[in-house]
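Trainee: Below are the C-alpha cells for one structure; questions will follow.
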Amino acid sequence: MARIDYAPGGQNPPHTHPRATEIIFVTEGVLEVGFITTANKLFTKTVTVGDVFVFPRGLVHFQQNRGRGPASVIAGFNSQLQGTQVITTTLFAAAPPVPSDVLAKAFRVSNEDIDAVKAKFR
C-alpha cells in the first residue's frame, strides 16, 4: 500500500504496473483517473473523496488532480513486486538511449523533435 499526494494540477503520469492490478481509494480532493485498454480505448472518470477506482494489471493509466486544492489517495496492489514503468521516462530517458530515429518514426515527428524531448529528461 502507498499514500500518494497530489498538488493542485499535479499528476501521476502515464505508467504501467506489469505485475499487478492497482486499486485507489480517494481520501482528499478531486482526481481525473483513466486507463487505456489494449484496444486503445480510454476509460476516464472523475473521482472524489470516498470513491474507489481499479486499474487493471499491465494497462497504461494515470491520475491528475483536477481540484483547486490538494488531493490524496491510498493505493493498493495485488503483488508485493508490482513494478512501475513510467512511459515517458522509459522512452526518453533509457540508458543507453532508444535511437531517435526509432522514436521519430513511432511518433511521426522529426529526429530533432525527439532530441528536444530527450533533452528535457537529462
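Every residue, even glycine, has its Cβ placed from backbone N, Cα and C.
Caution: TrEMBL annotation is automatic and unverified by curators.
Quick paste of what TrEMBL says about this protein:
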DOMAIN    1-115  domain 'Cupin type-1'
BINDING   Asn12, His17, Glu22  oxalate binding site
BINDING   His15, His17, Glu22, His61  Mn(2+) binding site
Trainee: Does anything in the same chain, at least 6 positions from Glu22 (oxalate binding site), have a Cβ under 8 Å from its Cβ, and if so what?
Mentor: Val54, Phe55, His61, Ala75, Gly76, Phe77, Gln82
Trainee: Far apart in sequence but close in space: which same-chain residues, 6 or more away, have a Cβ under 8 Å from Asn12 (oxalate binding site)?
Mentor: Ile4, Tyr6, Phe62, Gln63, Gln64
Trainee: Would you list, in sequence order, the residues of this chain other than Asn12, His17, Glu22 that have their CB within 8 A of the centroid of the site's CB atoms, where the site is the one recorded for oxalate?
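Mentor: Going along the sequence, the neighbours come out as His15, Thr16, Ile24, Phe55, His61, Ala75, Phe77, Gln82, Thr84.
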Trainee: What does DSSP say about His61 (Mn(2+) binding site): helix, strand or coil?
Mentor: strand
Trainee: With every protein chain in view, how many other Cβ atoms are within 10 Å of the Cβ of His17 (oxalate binding site)?
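Mentor: Looking across every protein chain shown, the total is 22.
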Trainee: Quiz question: given the binding-site residues His15, His61, which has the greatest number of C-beta atoms lying within 10 angstroms of its own C-beta?
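Mentor: Of the binding-site residues His15, His61, the most buried by Cβ count within 10 Å is His61.
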Trainee: Excluding His15, His17, Glu22, His61, please set out which residues of the same chain place their CB within 8 Å of the center of the CB atoms of the Mn(2+) site, keeping sequence order.
Mentor: Thr16, Ala20, Phe35, Phe55, Leu59, Val60, Gln82, Thr84
Trainee: Any idea what the model's mean pLDDT is for the domain 'Cupin type-1' (1-115)?
Mentor: 98
Trainee: Sort Glu22 (oxalate binding site) into helix, strand or coil using the DSSP assignment.
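Mentor: In the DSSP reduction, Glu22 (oxalate binding site) maps to strand.
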